[in-house]
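J.: Sending over a structure as structure tokens; questions will come in a sec.
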Amino acid sequence: MGRVIFVSFGLLVVFLSLSGTAADCPSEWSSYEGHCYKAFKQSKTWADAEKFCTQQHKGSHLASFHSSEEADFVVTLTTPSLKTDLVWIGLKNIWNGCYWKWSDGTKLDYKDWREQFECLVSRTVNNEWLSMDCGTTYSFVCKFQA
């Protein structure tokens, strides 16, 4: 009887250690905090990369970051495999929601500043985000919740 309990307990420990806390991600995808990530080397425009991500898995999109630790994880994922400095991330249209007006209260109806692009890339060596022309092609990272 004692041997049966010991074996049962041993099997329970093995089962719990195998189930772990890692996300159930498809092969070739990496897990972090309940999400799955995959870096893709091919170059695409922002829109094409986003579309490609949505076709890879239900709920998949270009990667979003919600902590510096998550961004660091993506850097460790992209740097060795992509060997590229810039990758598309899921942030877009950051200036579209802004409302500009002059200090005298009049509306902004004339602009003469350098273009601010609407799509963002992440510099893989230091997590710096840069605005880029959405039509430029870069590698990219997809993410979905496991």
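Cβ atoms here come from the backbone N, Cα and C positions, even for glycine.
Look at Swiss-Prot and you will find 1-23 tagged as signal peptide. Swiss-Prot lists Cys25-Cys36, Cys53-Cys142, Cys119-Cys134 with the feature disulfide bond, giving sequence analysis as the kind of evidence. As annotated by Swiss-Prot, domain 'C-type lectin' applies to 32-143.
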J.: List the helix, strand and coil residue totals of the domain 'C-type lectin' (32-143) as derived from DSSP.
T.: 26 helix, 37 strand, 49 coil
J.: Which Cβ among the disulfide-bonded residues (Cys25, Cys53, Cys119, Cys142) has the fewest C-beta neighbours inside 10 Å?
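T.: Each of the disulfide-bonded residues Cys25, Cys53, Cys119, Cys142 was scored by Cβ atoms within 10 Å; lowest is Cys25.
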J.: Whole-number Å only: compute the distance from the Cα of Cys36 (disulfide bond) to the Cα of Cys53 (disulfide bond).
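T.: Rounded to a whole number, the Cα-Cα distance is 12 Å.
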J.: What's the CA to CA span in angstrom from Cys119 (disulfide bond) over to Cys53 (disulfide bond)?
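T.: Spelling it out, the Cα of Cys119 (disulfide bond) and the Cα of Cys53 (disulfide bond) are 16 Å apart.
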J.: In sequence order, what residues of the same chain, 6+ apart, have a Cβ less than 8 Å from the Cβ of Cys134 (disulfide bond)?
T.: Thr45, Trp46, Ala47, Lys92, Phe117, Glu118, Cys119
J.: Including all protein chains displayed, how many Cβ atoms other than that of Cys36 (disulfide bond) lie within 10 Å of its Cβ?
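T.: Cys36 (disulfide bond) is surrounded by 22 other Cβ atoms within 10 Å.
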